[in-house]
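Participant: Please see the structure below; I have some questions.
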Amino acid sequence: MPNYTVTVATGSQWFAGTDDYIYLTLVGSESCSERTLLDKPLYNDFERGAVDSYDISVGEDLGEIELVKIEKKKYWVHDDWYCKYITVKTPYGDYIEFPCFRWLVDDKEVILRDGRARLPQHDKTGVAKQHRRKELEQRQKTYRWKEWHPGFPMSIDAKAHSELPREIQFDSEKGVDFVLNYSKFMHMFQSSWGDFEDFERIFMRIKNTISEYVMEHWKEDFMFGYQFLNGCNPVVIRKCTEIPDKFPVTQKILEASLERGLTLEEELKEGNIFIADYELLDGVTPNATDPCTIQYLAAPICLLYKNSQNKIMPIAIQLGQTPGEDNPIFLPTDDEHDWLLAKIWVRSSDFHVHQTVTHLLRTHLISEVFGIAMFRQLPAVHPVFKLLLPHIRFTIAINTKAREQLICECGLFDKANGTGGGGHVELVQKSMKNFTYRSLCFPEAIKARGMDSQEELPYYFYRDDGCRVWQAVTSFVTDVVNIYYDNDKTVQEDVEIQAFVKDVCSFGMQDFDYCEFPKTLRTKEQLVEYLTIVIFTASAQHAGVNFGQFDWCSWIPNSPPTMRKPPPTKKGEVDMKYIVESLPDRGRSCWHLGAKPVKDAMVKFCKNLSEVTKVIKNRNEGKKLPYYYLSPDRIPNSVAV
């Protein structure tokens with residue numbers, strides 16, 4: 001009588017084990033086993049972290065094992081179970097692994113295929129095709145699109161984290177509560193700071209090496225300019241080839257800042273002038289949710305100059321988009337308080353664009369679109385599903401939690417940020433009109449801003465490290481695509497990958513004409529680029545704009561989340577008391593403190609990433625401001641924080 005040995009691995013996270021009944025059925029090409037209760041006498045089966053084995057005897061050879069069916073039935077009360085994988089040892093000594101990596105809740109049945117990746121056109125049996133179709137039908141009922149706000153990318157149809165499918169919820173130890181301790185801080189600190197020493201007394205308890213350096217040097221023009229290259233929002237600065245009409249700076253105004261003895265026109269032609277324009281903030285409604293605190297926004301324009309030491313220095317700031325007598329151009333030669341406050345306004349505006357556009361929209365929300373479309377259109381057996389799954393882990397969960405507590409009406413954005421109360425929604429809606437598929441391609445985005453020359457900008461570490469990681473990801477994705485796709489025709493005939501990209505464009509991005517997301521992929525090269533964009537955005541790009549926040553924003557005067565006085569309309573009327581009173585109060589400040597070929601490809605990928613890590617580590621040696629946000633050893637797989 002043929003005998004099969006089934007090994008079942010239970011997850012190691014909290015509450016992964018179960019006391020419910022677990023039944024298993026083997027489905028072969030010739031026959032099926034009986035539905036078998038997996039239970040060993042006097043033994044506690046399916047404990048957290050356990051790997052349990054069971055023998056299943058059958059009357060005849062089942063043929064090639066195609067599916068494994070697992071059923072969970074209530075013992076006393078429903079007890080969720082996280083199954084990692086099931087391994088089947090055949091009577092001939094072969095081992096077949098069936099990955100699961102999901103929660104079984106209530107009285108649930110899960111049907112698994114073995115771990116070998118297959119394209120839809122390569123499935124030949126009716127059983128395999130039917131399983132593929134049914135899995136996607138069920139997923140499309142579970143993962144539904146929903147518009148959270150008009151003009152936003154679509155999101156998951158769930159009002160709360162608890163409504164999400166269990167397999168994409170946070171594990172217990174990964175749970176996030178944005179509200180935790182915030183109310184306590186707000187009541188303790190709802191008053192103005194007296195001076196910068198008040199900020200310092202709180203800050204000294206939470207500092208690290210970079211943030212301490214920022215606190216000591218934040219007033220300096222060098223530190224201000226450096227952050228456009230290597231701070232937490234290094235994507236705004238662009239080369240200026242022509243001074244815009246709305247920013248009427250002249251040779252006479254700037255000549256004291258131009259070191260090379262060239263005219264402004266000549267400096268523009270030499271590529272030494274850069275600009276940061278926060279036009280997106282023009283007209284955005286400032287936070288009015290707190291009747292006790294009037295808050296203000298500005299849409300500044302900042303002109304920057306690469307000096308003879310290759311340092312980026314600010315040389316002119318206008319705090320509004322419309323020139324005029326009540327919108328002066330501030331200069332480094334002005335009174336020190338005027339110049340300092342102008343720079344603070346730029347840093348505050350940069351904070352809003354970073355939080356809402358660079359970080360929220362362009363990593364969190366777009367990664368959720370990719371994730372939902374992946375679950376809806378790619379079955380677990382598809383190689384691209386297997387490739388992308390680690391990079392989508394917890395993304396939908398963190399975004400749902402954010403919509404539940406952080407960026408919702410009366411959420412923490414309303415309590416702490418100048419764009420709360422709806423301004424952050426307006427900012428995303430405006431940004432979507434400039435959000436294109438090509439802008440997610442890292443090398444193209446750098447080049448589009450005129451920032452691609454390492455010779456011209458030798459200290460733009462975000463660009464250098466990002467390009468290295470982009471190349472490593474591209475190389476890895478190319479190796480994987482070459483394993484499963486023989487030629488361009490194979491890509492065109494993959495109906496599931498075509499449905500995936502169409503779902504992203506037509507539903508996730510709501511088919512906005514200006515977004516230019518592809519609806520089809522015609523070549524292997526296009527597929528490689530698309531998958532590289534998904535992986536890079538969710539991992540490296542998110543790391544580059546997320547993990548520097550504490551370093552650069554924890555010293556509040558360097559990145560104020562709101563401003564409590566309007567932008568100055570005249571020069572010579574500002575003192576240090578006015579500046580401190582412009583900054584956030586204590587409460588708003590303290591919230592911000594708070595298959596073998598594939599295996600070979602992965603080995604090569606890890607080696608490439610290790611080499612990138614080594615290059616970055618050597619470059620950072622001895623630097624007072626090391627740049628490590630895009631070092632591969634610090635990049636998480638997915639958007640999960």
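Even glycines carry a Cβ here, placed using N, Cα and C.
Got these off TrEMBL a minute ago, pasting:
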type	residues	note
DOMAIN	2-118	domain 'PLAT'
BINDING	Gly17, Asp79, Asp80	Ca(2+) 1 binding site
BINDING	Asp39	Ca(2+) 2 binding site
SITE	Trp103	site 'Essential for stabilizing binding to COTL1'
DOMAIN	117-641	domain 'Lipoxygenase'
BINDING	His359, His364, His542	Fe cation binding site
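Would you situate these features in the structure and describe their surroundings?
Facilitator: Summarised by DSSP class, the composition of the domain 'PLAT' (2-118) is 0 helix, 59 strand, 58 coil.
Sequence-distant contacts of Asp79 (Ca(2+) 1 binding site), defined as residues of its own chain at least six apart whose C-beta falls under 8 angstroms from its C-beta, comprise Thr18, Asp19, Asp20.
The Cβ of Asp39 (Ca(2+) 2 binding site) has 13 neighbouring Cβ atoms from other residues within 10 Å, across all protein chains displayed.
All protein chains considered, the CB of His364 (Fe cation binding site) has 24 other CB atoms within 10 Å.
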Participant: I'd like the number of other C-beta atoms within 10 A of the C-beta of His359 (Fe cation binding site), please.
Facilitator: 20
Participant: When you put Trp103 (site 'Essential for stabilizing binding to COTL1') at the centre and draw a 10 Å sphere around its Cα, which of the binding-site residues Asp80, His359, His542 have their Cα inside it?
Facilitator: Asp80
Participant: Given the binding-site residues Gly17, Asp39, Asp80, state which is nearest to His364 (Fe cation binding site) when distance is taken between Cα atoms.
Facilitator: Asp80
Participant: Taking the Cβ of Asp80 (Ca(2+) 1 binding site) as the centre, count every other Cβ atom within 10 Å, in any protein chain shown.
Facilitator: 16
Participant: Quick one: Cα separation, Asp80 (Ca(2+) 1 binding site) versus Asp39 (Ca(2+) 2 binding site), in Å?
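Facilitator: That comes out at 17 Å between the alpha carbons.
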